[in-house]
Amino acid sequence: MPIFGVPPMMQNFMYKLSEWNPQLLREIKGRWQLRNILLAVAVSLLSQFILFIYCQTQLPAQYINSYSSYEITHKYCTGVTNDFNSPSCLLDEYDRVIINWQLWSQDVFTLLSFTAILTLLVGGAYLLISDLATEERRATLNFIRLSPQSPESILYGKMLGVPILLYFGLSLAIPFHLSLGINAQIPLIQILCFYGVLIVSSIFYYSGALLFGLVGTWLGGFQAWLGSGLILGFLLLAKAALRDSRTGNYPFTIFHLFSPNYFLNDYSGEFEFAGIHWFALPLGSSLPIMVCFNILVYLIGTYFFWQSLNRCYRDKNATMLSKKQSYLLTSCFVILTLGFANWQSQFLDKSYSYLGLKENLATLMFLDLGLFLYLIAALTPNRQTLQDWSRYRHMYMYQKLGKSKLISDLIWGEKSPGILAIAINAIIAISCLIFFTLVVPGSTSDKLIVLLSVVFAGSLAIIYAALAQLLLLMKNEQRLFWANGMVGTVIILPPIVLAMLFSNPGNQPFLWLLSVAAPIIILYPSTGYIPTMTAFLALLGHGGILGLLMFQITRQLKKSGESATKALLAGN
């Protein structure tokens with residue numbers, strides 16, 4: 001049917017778009033309006049103009065008194081650089097300062113690139129999370145779920161359509177950006193590689209934003225600000241870390257891979273990743289190899305995000321990951337981070353140092369802590385799911401059919417508690433850390449200390465998982481909020497209190513070994529060593545805490561299963 005006022009070619013395009021992805025057409029029609037287009041054009045051009053004027057103010061004065069008694073230096077001058085000073089300013093025949101336009105263009109190019117990164121990733125994530133929150137609040141998301149479209153089609157449509165004006169505004173800056181890169185004598189292939197990494201990174205961050213929008217509805221109006229704020233903080237932290245060359249020698253290098261700013265070279269033509277190694281392979285020596293590796297990392301992360309998106313979109317009560325997917329995620333993560341350990345100096349160059357081993361292990365365990373906090377959130381079922389599981393589990397036991405299936409269900413089951421799965425994931429991570437410890441040259445005593453710290457780290461992960469599961473069994477309607485708050489408090493508060501009461505961990509090592517700081521206390525004891533009996537008692541304390549939590553969880557599950565089964569049998 002013809003649409004009056006719309007050219008036939010545009011009508012044909014809209015028809016094909018509606019056939020390919022109706023959700024994308026819905027999002028575009030709601031946003032692609034003349035007023036919004038003009039506003040996007042105005043904001044984009046005005047932002048480019050303000051950035052250009054600001055960078056112009058950083059140039060030296062055009063005219064300088066050539067008879068001045070002292071030498072004038074400036075970053076953008078072209079004279080000789082003395083010591084740590086800026087280059088001296090040289091004048092042309094008209095007494096005007098000769099400006100290093102290549103360096104200036106390089107700086108403007110870098111500033112515009114970082115601005116585009118923040119705008120695309122942070123702004124786009126905010127729009128996506130806010131849109132999903134609005135759909136959820138208006139109850140239109142459930143209506144969309146009932147449509148015959150696949151979850152992938154709907155979410156692709158949102159990813160492409162919701163930030164459509166943002167894409168349009170950024171595309172208007174491409175000519176200015178390209179001209180700056182050419183003036184800075186940056187090879188076109190490097191600029192195109194940066195664009196490619198930026199596009200893939202936006203897919204990764206937008207996938208994470210969609211997932212956060214689906215599972216974080218309990219945050220209310222704060223949800224979009226929190227999600228975009230976390231991305232902003234991470235990108236700023238990664239940019240600051242690029243200035244510290246020490247982060248490139250340890251597993252924290254993985255932070256750089258998730259910042260497209262990592263692929264902007266400096267004036268000398270060197271990239272920040274030039275010295276990066278992965279399992280001693282010099283990835284940073286080749287731009288194409290590094291770009292391909294970075295894109296592969298993004299695609300792996302995007303794959304797991306979309307596995308979670310499919311599960312959470314189809315069923316709001318489903319966990320973000322199945323247990324099988326969690327084992328694969330942990331394996332990929334620990335192998336990736338382990339590759340960035342300082343293998344070059346620790347193993348191949350034979351320049352072993354216990355300090356280097358400890359620093360590598362400390363950073364690896366810190367990264368694993370972040371992974372396990374995500375796994376706890378992704379694998380812990382809610383109260384209703386556990387009640388259903390415990391009811392059917394109790395019926396199987398009543399019929400004497402379920403004893404042989406319990407372990408298998410806890411390892412692979414969709415609705416069973418996730419504590420055993422967290423323990424298996426901890427074993428996977430610990431195995432990789434033990435492998436690294438064993439292959440690195442060193443004394444047996446040093447390796448035993450490292451292994452002990454790894455055991456404490458795994459024990460803490462299981463305890464936090466059990467605590468989260470117990471809190472989610474509460475009848476309180478705000479149990480999700482309480483679970484997140486209490487787990488965060490248990491992680492953060494004890495070290496703060498202990499630091500206030502006992503500034504020196506050597507005074508009360510047993511109490512410190514019950515906190516999240518236990519692995520670090522083992523690696524870096526303030527008194528030079530941790531008594532064997534203290535470590536043994538602390539491990540018993542961990543076992544006692546875990547046993548108490550498991551007892552409470554089992555008791556509540558058994559109680560809910562029995563009551564539900566009795567009600568069901570009575571009804572029959």
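Backbone N, Cα and C define each Cβ position, glycine as well.
Features of the protein shown, as given by TrEMBL:
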- 36-54: transmembrane segment (TRANSMEM)
- 108-129: transmembrane segment (TRANSMEM)
- 155-176: transmembrane segment (TRANSMEM)
- 188-212: transmembrane segment (TRANSMEM)
- 224-242: transmembrane segment (TRANSMEM)
- 287-306: transmembrane segment (TRANSMEM)
- 327-343: transmembrane segment (TRANSMEM)
- 363-381: transmembrane segment (TRANSMEM)
- 419-442: transmembrane segment (TRANSMEM)
- 448-473: transmembrane segment (TRANSMEM)
- 480-503: transmembrane segment (TRANSMEM)
- 533-553: transmembrane segment (TRANSMEM)
When counting Cβ pairs under 8 Å to the transmembrane segment (287-306), the leader among 36-54, 108-129, 327-343, 533-553: 327-343
Tertiary contacts of the transmembrane segment (363-381) (same chain, 6+ residues out, Cβ under 8 Å): 250-252, 254, 308, 317, 319-321, 323, 326, 329-330, 333-334, 337-338, 341, 389, 415-418, 421-422, 425-426, 429, 433, 436, 453-454, 457, 461, 464-465, 468-469, 472, 483, 487, 516, 519
Tertiary contacts of the transmembrane segment (224-242), as residues 6+ beyond its ends and Cβ separation under 8 Å: 114, 117-118, 121-123, 125-126, 129-130, 133, 205, 209, 212-213, 216, 252, 255-256, 258-259, 261-262, 272
Which of 36-54, 448-473, 533-553 contacts the transmembrane segment (480-503) most, counting Cβ pairs under 8 Å: 448-473
Same-chain residues near the transmembrane segment (155-176), Cβ under 8 Å, at least 6 residues beyond its ends: 21-28, 31-32, 36-37, 39-41, 43-45, 47-48, 52, 112, 116, 119-120, 123-124, 127-128, 131-132, 203, 206-207, 210, 309, 313
